[in-house]
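One structure is given below, encoded as structure tokens.
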Amino acid sequence: MRIGIGIDVHPFAEGRKLVIGGVHIPGHNGLDGHSDADVLLHAVSDALLGAAALGDIGLHFPNTSQEFKDIDSMILLKQVRKLLEKHGYQTVNIDAMLLLEEPKIAPYITGMRKNIARCLDIEIGMVSVKATTNEKLGYIGREEGAAAHAVCIIRSL
């Protein structure tokens with residue numbers, strides 16, 4: 001068994017679609033980034049890559065490459081799964097935490113869990129997604145951006 005941790009942060013930006021955990025959340029500015037800026041899937045991807053000692057998301061999907069411009073992060077997470085499998089690993093568990101003031105995420109969590117499970121070819125019961133606010137503190141509290149933390153366990157195939 002190996003453990004990984006991933007963290008990602010993105011600022012909000014006008015004119016972008018908000019996508020978290022592969023779920024479109026209407027009525028709110030999106031997150032800014034080279035890809036779709038899915039803060040949750042980026043944190044999960046980094047946790048998995050770290051657990052396998054395979055670097056990070058920036059190494060495999062650099063923000064300098066047009067290939068990944070505005071790409072759906074579910075595609076990236078599926079690529080991470082394939083990379084893990086190539087190196088003899090599979091996902092055992094994902095536990096993730098979103099940090100943002102608005103919008104409220106509770107109605108979307110089941111969809112996020114399903115998307116992560118589908119990308120990683122695991123059961124939904126192996127994926128936990130939670131959300132909390134920053135109690136109005138810092139850039140998250142001022143609603144300037146969002147962050148996600150993820151911890152994973154992987155094992156040899």
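Every residue, even glycine, has its Cβ placed from backbone N, Cα and C.
The Cβ of ASP8 (divalent metal cation binding site) has 25 neighbouring Cβ atoms from other residues within 10 Å, across all protein chains displayed. In this structure, ASP8 (divalent metal cation binding site) is part of a beta strand by DSSP. The divalent metal cation binding site annotation in Swiss-Prot covers ASP8, HIS10, HIS42, and the record cites sequence analysis as its basis.
According to Swiss-Prot, the 4-CDP-2-C-methyl-D-erythritol 2-phosphate binding site annotation covers ASP8, VAL9, HIS10, HIS34, SER35, ASP56, ILE57, GLY58, THR132, THR133, ASN134, GLU135, ARG142. Using a 10 Å Cβ-Cβ cutoff, HIS34 (site 'Transition state stabilizer') registers 16 neighbours. In the three-state DSSP scheme, HIS34 (site 'Transition state stabilizer') falls into the coil class.
Positions annotated as site 'Transition state stabilizer' by Swiss-Prot: HIS34 (among others).
Residues or ranges marked as site 'Transition state stabilizer' in Swiss-Prot: THR133 (among others). Long-range Cβ proximity for THR133 (site 'Transition state stabilizer'), meaning a same-chain Cβ under 8 A and a gap of 6 or more residues, is found for LEU99, LEU100, GLU101, ILE140, GLY141.
In the three-state DSSP classification, HIS42 (divalent metal cation binding site) falls within a helix. Here the binding-site residues are SER35, THR132, ASN134, and the one whose Cβ sees the fewest other Cβ atoms within 10 Å is THR132. If you check the recorded positions HIS10, HIS34, HIS42 against ILE57 (4-CDP-2-C-methyl-D-erythritol 2-phosphate binding site), the ones with a Cα inside 10 Å of its Cα are HIS42. Within the set of binding-site residues (HIS42, ARG142), the lowest number of other Cβ atoms found within 10 Å of a Cβ is recorded at ARG142. Fewest other C-beta atoms within 10 Å: among the binding-site residues HIS10, ILE57, that description fits HIS10.
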